[in-house]
There are 2 protein chains.
Amino acid sequence: MECIAPRLPIAAAPDSRGDAARCSACAMQKICIPKNGDSSTLISIEAIIRRARSLRRGQYLYGAGHTLHYLFAVRSGAVKTIMRTSDGREQIVGIYGPGDTLGLDGLATGQHALDAVATDESSICLIPYDMFRQLCHDVPAVQHRLTEIMGQQVIRDANLKMLSSMQPMEARVVAFLIELSQLNVRRGFSPREFNIGMTRAEIGNYLGTTLETVCRVMSALSRDRVIEVQGKRVRVLDFDSLRARLDSSSTRTSTANLTPRPGTLDRVSQKQPQTRSKRQIRDYALEQSPFG
Amino acid sequence: MECIAPRLPIAAAPDSRGDAARCSACAMQKICIPKNGDSSTLISIEAIIRRARSLRRGQYLYGAGHTLHYLFAVRSGAVKTIMRTSDGREQIVGIYGPGDTLGLDGLATGQHALDAVATDESSICLIPYDMFRQLCHDVPAVQHRLTEIMGQQVIRDANLKMLSSMQPMEARVVAFLIELSQLNVRRGFSPREFNIGMTRAEIGNYLGTTLETVCRVMSALSRDRVIEVQGKRVRVLDFDSLRARLDSSSTRTSTANLTPRPGTLDRVSQKQPQTRSKRQIRDYALEQSPFG
DNA sequence: CGAGGGATTGAATGGAGTCAATACACGTGG
DNA sequence: CCACGTGTATTGACTCCATTCAATCCCTCG
C-alpha cells in the first residue's frame, strides 16, 4: 500500500528532504498554533511537526483499527472521515478542510475508530502523537490548544447534527452551503466563492439524502439566481435569499417546545402566583444566570 | 432561577452537608475515574468533585453562553444537550445517561455552546473545572482520562451521525434501541430491559423524524413480538429479529462505493499488471497496514 | 476519439410527514 | 374518592416530497 508519510520509526519519504515543517511560514498558523504561546512554543511545535505530504483523491490517511501514530492538520484540500455499516456501505461523518485537525477519533483507545480519506487533492501535516503528547505535558499552552481543538470538534459535531436534521431537504443543502461559506471565512478566504471539495454523491451521503436531490436543489438555487454553480465551484449571489430558505416551510418535526424557552414568564403562566412556575420558565439547576 | 448546585464561589445548597463526593462508593466509578491511577488519584478526584445533586425533568444543567464552571457526570437519570434554531425550535444533539460526562461543549471557548436539560429525574455530580484543570496538570492519569473522555465523545458523535442517517425510519428507531441496549450493558445493567429516559417527541427529534413515526415503528415491533413496550419501559424479546431490521430494505442513499473497500484487489482490477491499481485497493497515504 | 465517472433532468412510486381524533396516565383539587 | 385537566401515546387517513429508476449530457483522461 502506498503512503506519503513514514511509518514510525521514520523512513525516508521519496520527496522528503529535511522533514521539519515550516509553520512560521504557513497560512494556517493562526488556526494550528496556540495563540497565547510565546515564540518558543511555535519553535517547539515546528520541531516535531512533519512537513506536509500531498494526497490524491481517494487516498487513505488512516483506517479504522490503525494505531494512532499521528494527528493530522489539513493544509489544503479536503478530507472526509467515514464509518461503514455491517454490509459495507459508507457513511461520511465528518469533513475537514484547511486548518482543521484530524485523528481525534483515535484518542480514546489509541486506535482510530474511523477511516479518513482525501476527497480532493490535499496537503496534510503530520504530528507524531507521542512527541506531541510529551509537548502537551511540557508546554501548558499546547495542552490547552489541544483541549480547545477537541472542544471545537464537539461543537462542530453538534452543528452537523443540527444541519442534517433540517426539515426540507432544500434547507439541508442550503445550511450546508452556508456552513462551507463560513468555514471559508474562518480560513481567511471569501465567503462568496468557494469550492466544495467533494462529489454530489458525497454531499448527499453527508447530508443524509441522495445525489439527485442535491443536484435538484442546487439547480433550483441556481435557476433562482441565488447561487452560481459550475461543478464544484460555487458562488453565492444572494445571501439573504439563501438564509431565507432555511426557515421557510419549517416543518414541525421538532414539535412545539419540547423544552421551555429562555427567559421570562409566559402570559399563560400568570395564573400561578408565587409557587414558581413549574415549566414556563427555564428551570436552572445551578444558581447562575445565562451568560453569567 | 432555581439551582441544585452552588454558583462559584460555593454557596450552601439546601440539601448539602459536607460537599465532597463519595466516588469510592459510586457504581459509576469504573467509568468516571482513570483506571491506571493509583489510590491517591481517586482520593484527589474525590476531593474536588461535589456530590451529586438531583434534577427534575426539564431542569437545565447549563445553557448556551454560560461560562464553563463545571464538568458534569451523570450518576443516574438522563440528560439531553440541545441546540436552537434561529426561530426557536430545538434540536437534540446528544443524550447522556449514567456514567456519561457532560459539559465538553464549553472547553473550546470557556462558554458552553449548548443547553443541557434533564429529560428525566436525574442525579448529577459536579466537577469544578478550574480545580479539575489543575488536577489534570498535576496528575497525568487524570489528564489522560480527560483526553479519553473527549475522544469517546468524538466517536459517540460519529455513531450518532451514522445512526441518524439510516435509511428507512424503522432502521433508525431500531438502531436507537440497540444503542440504548448497548449503553445499558456498558453501565452494568441488562441489555434486554431498559427505559428510554425521554418522550416519543424527544426520540423523534433526536432521530430526525416525528413522534408519530416513532410510535408506529415501536407499535409494529411490538406487534411482531420483537420487543415489548410499556411507555418508556422497553424489553427486547428477539435481538436477532431486531438486528435483522437494520439492513433490510437498505436504500441506496450511500450509493455504491464512494470509496474503494478494504484489502485486496478487485477481480476487475486485474487488467492493470504492475502499475499499482489506482482505485481498486485502499490507497494508504502512510506506510502502515490496517490494524498496524 | 472513445471510455468512464460525474452531473443533470425527467417521470413514477411509495414512505414519511401532516392533520386530527382518541386513549391513556398522572397529579391536582374539589 | 372521583372528576378533571394536562401532557403523552396511539392510531387512522390523506397528501406530498424525496427516493428510485432511467436517460442524457458533460468533462477529463487515456
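Using the three backbone atoms N, Cα and C, a Cβ is placed for every residue, glycine included.
Features of the protein shown, as given by TrEMBL:
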DOMAIN    B:33-153  domain 'Cyclic nucleotide-binding'
DOMAIN    B:167-240  domain 'HTH crp-type'
REGION    B:248-292  region 'Disordered'
COMPBIAS  B:248-258  compositional bias 'Polar residues'
Summary of DSSP states over the domain 'HTH crp-type' (B:167-240), given as helix, strand and coil counts: 41 helix, 11 strand, 22 coil
Averaged pLDDT score, the domain 'HTH crp-type' (B:167-240): 95
Secondary structure content of the domain 'Cyclic nucleotide-binding' (B:33-153), with strand meaning DSSP E or B: 37 helix, 45 strand, 39 coil
